[in-house]
Every structure is written in C-alpha cells, then in structure tokens.
Amino acid sequence: MQRKNQTLGEFIIENQKDFPYASGELSRLINSIRLAAKMVNHEVNKAGLVDITGAVGETNIQGEDQQKLDVLANETFINTLTNREIVCGIASEENDEFITIKGQKNDHRNSYVVLMDPLDGSSNIDVNVSVGTIFSIYRRVTPAGTPVTLEDFLQPGNLQVAAGYIIYGTSTMLVYTTGNGVNGFTLNPALGTYYLSHPNMKFPEDGHIYSVNEGNYIHFPQGIKDYIKYCQEEKEDRPYTSRYIGSLVSDIHRNMIKGGVYLYPSTSKSPNGKLRLLYECNPMAFITEQAGGKASDGYRRILDIKPTNLHERTPFVCGSKNMVEKVESFME
Ligand code: AHG
Ligand code: MN
Ligand code: MN
C-alpha cells in the first residue's frame, strides 16, 4: 500500500510483508541506510561552509583522488551498518578489500552483505552540484555462522534483494527498490523525515535525452559514435537533447523522470568503461528494470553478468527501454 505523504518509516513497516524473507531484518537495514543518509546529507550541505572540500591527498584503489567527504560518507555508512545485527559484510568503492562484520555475539550470524559507492560524483562537490550514494544488498550465499567470503559479494546483480540511491540535490531524496517497483522519498530537512513523494516511479518507454561525456567521443566504439550521430540527426522527434551532469545518480534520476538514456561506453583508453559493476551499475540497473527501463553493457543485460572481482568495471547503457534497445542495435 502506498499513500502520498506517507513517511518512509510508515512505508517500510507497511510493506515489510511484500519482502520474500519477511523477517524485518531488511526493513531494519533500510532504516539504518536512511539514518546514515541523513548524516551524510548534513555534511554534504555544509560542505561549502567549512574547510572540508578538496582531496585528502590519498588515492583510492581506482587511482583517483579521494575527497574528504568520500571518506566521511564511507565511515558514516560503515559505522551505521555495522552496529546492527543484520550485515555480515560490506564492500565499498573506497576500500580495497571487503569488511567482515562478526555481529554483536561474534558469531557471524548476520545474513546480508552491502555493496556501496558512499559518495558518487564527488568531484562535483567543489562546485555545488548534486552528488549521490548508491547501495546494493544481497543475502549471503555462504552458511550463517561462518565469516563472509568474496563469494558472498561476487553475485550477479539479478540476485540483489534491494538497491537504492540517495541524491543530495536541490532536495535530498532516497529512492529504492526491494523488487516490488521503485519508490522515491523526499527529505523534509526541518523535520528530518522522508516522505513518499514519488510513488511507483517509471521510466518513460521512450525519451529525448541522451547523457554521455561527449568529450570522449573520439575514443568511443563505432556503434556509440553512430548512435550519438543518430541522436543529433534532424528527423521526426530528433535531434534529442544532451544533458550530462557527470553524476551518475543525478543523470539517471533525471532520465527516469523525463525519459532518456545514460551511456558510459568503453573507450580506447579504458576498454571496460569507468563505472564499477558492483557499486554503481548493478544497483542502478536493478532500480532501472524495476522502473520499466533497461540496463545493458551494449550487448548483454547488466544484471546477468557474473562478477569476478570486487572493483571490476563495465561499459554501461541505462535508461528508457526503447532508447537502450536502439543503442544495442547500433552496437551489433
Ligand atoms: P566517482 O565515483 O569517481 O565519483 O565517479 C563519478 C562517475 C559517475 O557519477 C559519473 O557519471 C561519471 O563518473 C563521470 O565521469 P566522467 O567525468 O569521465 O564523464
Ligand atoms: Mn562512483
Ligand atoms: Mn565514490
């Protein structure tokens, strides 16, 4: 059941029974994410005020400069998720290795693993542009009572039990799915409460927006170059509009509302593109499919890829169904 103006807390309780393992654990997990998101939101919002922006000087495993807020968001989510009897392991874009959580009784009994990009698009912070958090949740595959292993994290996206993102934009929203459609909640900062503002979100089947870093055009595969030219052609409803924030969460959020396609293709420099399968593409693909859209690497469904390493990357095409299919037809 959904009512507009329902709070996220009410929504979680009322929809708990729709979840296949109705133990209440997943609800508590989503609850802790909503709490961590409030804390990160608070930090992101005051980023312009305090001397907190700029690179820490460390480099993460991807070879990128780490921003202070990346570190802070990472710690906030890890701490919030650790202090509950739910999560047995966390993998984060900011950590080289996964983290094992023993649980309060040290018995490794917890059932869920969380994979996350605690702050995506963080280079946008310095210039006051939207950033996001992306999370992906699985049930462990190894037996409860034993420490988590890499196998628990390297599951194909089609086994996700929940996924979502938080967008720290003009308003802060939490959008998530547990496999029964996608719902969006907007934070009322005065009350610290999220309200159901976007029930049952759906990608329009078609759209007029394409989102890609065209600066890399020269390095794109021929199929992507041809698709971009197709978007720019003067025909029927074309040329399309180009919109690229450079913040995956914001670009996909906009396209889900207005209709569009996001592309981060392979380039001659990075044959697997830039985005990480486990922290960025799988959760966004799950949400996209739950909203009636499609997500592909240009040839195959993102959610069917069997990961082989925690930080692996994949080309990513995601958005309105007909637009993604069009891209795939150009890639053939
Ligand atoms: P990061 O995880 O390092 O913050 O990367 C952001 C991602 C994604 O949000 C965005 O769409 C893309 O990188 C932008 O990359 P380009 O600057 O290469 O276009
Ligand atoms: Mn990222
Ligand atoms: Mn990040």
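Each Cβ is built from the backbone N, Cα and C atoms, and glycine gets one as well.
Heads up, TrEMBL stuff is auto-annotated, nobody curated it.
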Further binder of Mg(2+) 2 named by TrEMBL next to ASP117, ASP120, taken from the candidates GLU236, GLU280, GLU289: GLU280
Matching residue for the Mg(2+) 1 site, where TrEMBL names ASP117, LEU119 - out of GLU85, GLU93, GLU151: GLU93
Distance [Cα-Cα, Å, rounded] between TYR264 (substrate binding site) and GLU93 (Mg(2+) 1 binding site): 18
Euclidean distance between Cα atoms of GLU280 (Mg(2+) 2 binding site) and SER122 (substrate binding site), Å: 14
Spatial neighbours of ASP117 (Mg(2+) 1 binding site), counting only the binding-site residues ASN213, TYR262, GLU280 and Cα distances within 10 Å: GLU280
Binding-site residues close to ligand 3 - of ASP117, ASP120, ASN213, TYR262, TYR264, GLU280, only those whose C-beta is under 6 Å away: ASP117, ASP120
